[in-house]
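Working notes for the structure below.
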Amino acid sequence: MINETELLVNGKLWDYPGGVHPQTHKKQSSKLPIQSAWLPEQIIVPVRQHIGQSGMLSVNVGDRVLKGQALTTPSHGMAVPVHAPTSGTIERISKEATNHPSGIAEKSIVITPDGLDEWCELHPLTQAERADNNAVLGAIRHAGIAGLGGAGFPTEIKLSPRAKVKLLLVNGAECEPYITADDTLMQAHANAVIEGCQIMTDLLAQPPVVIAIEDDKPLAIEALKQACAQLDNFKVIAIPTKYPSGGEKQLIQIVTGKEVPTRGLPSDLGIVVQNVGTAFAVQRAVTDGVPLIERVVTITGQRVSTPANHWVLLGTPIDSLLAHHDIDSAQRVIVGGPMMGYELPKAHAPVTKTTNCLIVPGKNELPHPDDEMPCIRCGQCADACPVSLLPQQLHWYSQANDHEKLNEHNLFDCIECGACAYVCPSTIPLVLEYRQSKSQIRSAREEALKSERAKQRFNARNERLEREKQARAEKHRLAAEARLKAAKEREQQATQGATADKADSKSAVVAAALARAKAKKQQVTTTPVDATGGQVVPDNSEVAKEREKRKELARARKAQKAQSGAAKNAPSSANEQSSAVAAAVARAKAKRLAQQQQADGSDVDSVPQNTTAPNDKASAVAAAVARAKAKRLAQQQQTDDSDADSAPQNTPATNDKASAVAAAVARAKAKRLAQQQQTDESDADSAPQNTLATNDKASAVAAAVARAKAKRLAQQQQTDESDADSAPQNTPATNDKAAKVAAAVAKAKAKREQQQKDEDAT
């Protein structure tokens, strides 16, 4: 735990391991005043001047910009904008050499100043707005303020910690030799620095503030003590001059005695560390609304006639700056201090937010190191390391590119202070090796991260394709099932429709047959019911009709026999008349038989084949009727045969005309009977094959009736033809009047029989 009383009252200090004491070379440049800024002919503003990402360009080539105008817009938390140091026109936006040991080119905005130095509209925060932390943080962010102590970390991020802050530590140690920028800034602007610290402590919920300054800067210490004399939670302490006491972790250990854990941050201890130059920039951004467009830079070295500190516009080319101070830019230039700085590969590179010193050494000042020699394992580097690392082991692993071992030996805890290289008797550029190894490890991590992201994208793509494939397969399966279901439904509908049609057709046939049977039953036959017993008795009306017909036929045969007997003794004229009468009788009989055959055929045909017999007794009655008809026809045939045999063979020939008429009548009757037989057979064949069987006995009876009728008709035809052939050919010609009388008699008989038949039917 951090003891606030011990920090603010006792002022106890601790020490850290290692460290060196190089010559400081500060006195020649630590005097006031700070020289004012100089306007160069061209300004190169790199888009990224801090740790993090660059913002989005908000200007185009040819635009005129004003002093303090934002040139980029921050796109996320680790991006801070850059601003125009003066008014002018944007000449180009291209990659230019940057202030970096590699001299790599990065995107930059090149501005040609117009000499007017015209400011844009500034927006300082009011007292009410300063009470809103979000407004203050927004002002700091949009002012483009990053750490001015060397790292360049976005200040807004540091001032927005998640955990509670127990201490705000302001770094004014400035331990690097030759550099006096912070020293002169604290001397010249102590009140502004303290005000900036107050703004930051307001954002951090009023933690105690400790300003640590090395004891070789007495003027700065005195100025800050006077500025914060009225503030109870502020304390300015002087720490021993030792390199690298200005390191963040080392300064925390000196002031609090706490050591930041490996791969940890000061925020893990509840401490926020800020540079005095950053505090001054915060004060200007919040109070005056001025963005970070300039900073104090120490220009020193034996080749500089008057070493001093200067306000320098960010983006000023270093060669132009040196030329303005009558310094040969072709000479070697070191950016930063002799311990952590680097030799600038291209003097045309611009001054950036992290540039705090330019050293132009003399011939014997800061000479190039001698040729590298093998490590002798003296261990001086380990003694000098302020982080308690093993520099010689890191050297071997760096030579072998063993990244795993480098990580095991905590390479990234190295603060690159250069103490190890400073004491190395073999002049091994250890810091350079460590930087290169760090860069390689970062690159490998980035490649691994890219590979992992690519793998994730690949796996995600495969999963997406598999899902789409499964979705398509499922869609096709559902479509196939739907088609199959639809086909089955259509088939079922078709089957049901066919079954319904078949049933309807069958029902229609059955209904029609039932209707015909019912109509015939109502018209022809009735089923009387015994009134006494309530039982059904057979209908004998057909039998009575047949009996009447047989009686009539018997009377006709009797009359014919009488006529034939009289004809034997009659004269020739009587024979002629009897022949005519016989012919008329034959025609009448043939006509009556034809009509009777038609009636019988209609009776048989009208019986439906597919009708279910309602009653076995009715079927028996129908069979009895059929047998009676067959028996009657057989008797009639026998009677006709006997009549034909009893006819005289020596009857004289009648009139030729009457004979011809009789023969024609016989042939017509035979032809008509044959056609009727064919019609009956075709009607029998055309009966539906798929009807339901009614009654086997009734079907057999109907077939027997049809066969008997056909046989009877054939025999009757033969009998008629024999009768016609047996007629005497030598009969004398009769009188025309007798023939006419016979024809009239036959017509009358036929008419009377038809009327009687119609009456019987009704």
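Just so you know, glycine gets a Cβ as well, placed from its N, Cα and C.
Just so it is clear, the model here is predicted, and its values are computed rather than measured.
Between the candidates CYS197, CYS228, CYS424, TrEMBL assigns the [4Fe-4S] cluster 1 site shared with CYS375, CYS378, CYS381 to CYS424. Taking Cβ pairs closer than 8 Å, the domain '4Fe-4S ferredoxin-type' (405-434) reaches residues 18-20, 22, 243-244, 247-250, 262-263, 339-340, 369-376, 378, 380-387, 389-391, 393-395, 397-399, 441 in its own chain, all 6 or more past its ends.
Distance between Cα atoms for CYS385 ([4Fe-4S] cluster 2 binding site) and CYS375 ([4Fe-4S] cluster 1 binding site): 16 Å, as a whole number.
Sequence-distant neighbours of CYS414 ([4Fe-4S] cluster 2 binding site) (same chain, 6+ apart, CB under 8 A from its CB) are VAL387, LEU389, LEU394, TYR434, LYS438.
Ranked by how many other Cβ atoms sit within 10 Å of their Cβ, the binding-site residues CYS375, CYS385, CYS424 place CYS375 at the bottom. Listed in sequence order, the binding-site residues near CYS420 ([4Fe-4S] cluster 2 binding site) (C-alpha within 10 Å of its C-alpha) are CYS381, out of CYS375, CYS378, CYS381. Within the group of binding-site residues (CYS378, CYS417, CYS420), the Cβ with the highest number of other Cβ atoms inside 10 Å belongs to CYS420. Taking H, G and I as helix, E and B as strand and the rest as coil, DSSP gives the compositional bias 'Basic and acidic residues' (447-492) the counts 46 helix, 0 strand, 0 coil. A Cβ within 8 Å of the Cβ centre of CYS375, CYS378, CYS381, CYS424, the residues given for [4Fe-4S] cluster 1, is found for these other residues of the same chain: ILE376, ARG377, GLY379, GLN380, PRO391, GLN392, HIS395, CYS420, VAL423, PRO425, SER426, ILE428, LEU430. For the pair CYS378 ([4Fe-4S] cluster 1 binding site) and CYS417 ([4Fe-4S] cluster 2 binding site), the Cα-Cα distance reads 19 Å.
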